[in-house]
Amino acid sequence: MVSRPRTRAGRRVLTSVAAGLAVLAVVACFAMFVSVQPIAWLSAELRHRPLPALVLTMLGLMVAGIAVAGRRLLALVLAGLCVLTSALTVLVPVLSQAGAAADAHAEVSVGEFLGEPFGSAAEPEPTSTVRYAAPGGHQLRMDFWRSEVPGKRPAVLYLHGGAWRAGERGDAPRWKQLLGQRGFDVFAADYRMAGDVPEGTAWRASIADAKCAAAWVAANADDFDIDPNRITVFGQSAGAQLAMMVAYTRGDPEFSPSCPLPEPKVKSVIDLYGPTDFPEAVTGPGRTAKQTGILRELFGGELDRFPQRYRAASPISHIRQGLPPTLILAGEADHLVPVEQSRSLAAALAGANVVHSTTYLPFADHGFDSNWSSYATQLSRHEVTRFITRHG
């Protein structure tokens, strides 16, 4: 039985609680649909994990019940606003992503979605760890996970994200597990980042190390019993940019590996929300101060000072016929790498007749796959599996 607030003070408290809940719900709803500073972090978190907003919905319903019993119209209106906006915050993105999965004929699990919104996996113990290079005395290591498939196996080289200044090869354990379950051996490599090398050189060093890692995997294929002609490069964010540069600049003397090994022709490349056009990133409508600062550190200065560096490191600058098949996965609500970067890359690949597949995920933000059970990630898992089965 819903109790009635019997005193004037109680009615004021009820109205204040309803107002507070309404404000929180409106802020959450705004953050879901509009990403602006200083709440971009909140937008990203809500888009990764919208279900906690249902707490506001339930609290709003409770307050609404009390307001009805006490005949408090203002409290009821405020509670109703809380219920409406918080429900929209959850239902619109979830139903949009479920619809996208249905359109792609991807099976998604409601039970997984509801049961593990905060789940994470421990890094699987690698089969082995090796030092694959030491450019400038910097020790670069690579982890290796062997799948259970007998015979010569295809392989995936994983390159982590982190804005070229953070992250580690142990990131993305769920992706490594999934790839291993699909019969792919997985290699995950270190590369030099900002802070490891002189200012303004990390952009070139990271590419050189990524190419060295791919070359090392191919050169040592027999030792790991993998097929050197079936190597896929997989990256997230900054790692996706490196993966594309590995695939798209083979044989380019401007981008030689940081070790004296021949470059392999990779079989395919998987790009998860990677930047593709750096000049556009700092001049286009989606630019942010955070993006500009990251790239200033990476390249050692602004675009107008080092335009050649910005262009040369952009995967879109190297599109031509004959490139490996490319899978592009990007969130339509990405606040850090706007989805237009991925759309521009897809258009360039289409213009060069390069085999590619694209999936743009509604209401998904940068790093959406940090929530492994979300519909966006479940759809992405489906697309990665379908693509790598065909092109890996």
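For all residues, glycine too, the Cβ spot is worked out from N, Cα and C.
Summarising the annotation, TrEMBL assigns transmembrane segment to 12-39 (among others).
Sequence-distant contacts of the transmembrane segment (51-69) (same chain, at least 6 residues past either end, Cβ-Cβ under 8 Å): 2-5, 14, 17-18, 21-22, 24-25, 28, 32, 75-76, 78-80, 82-83, 86-87, 89-90, 114, 117. Marked as transmembrane segment by TrEMBL: 51-69 (among others).
As annotated by TrEMBL, transmembrane segment applies to 76-95 (among others).
For the domain 'BD-FAE-like' (151-349), the model's pLDDT averages out at 97. The domain 'BD-FAE-like' annotation in TrEMBL covers 151-349.
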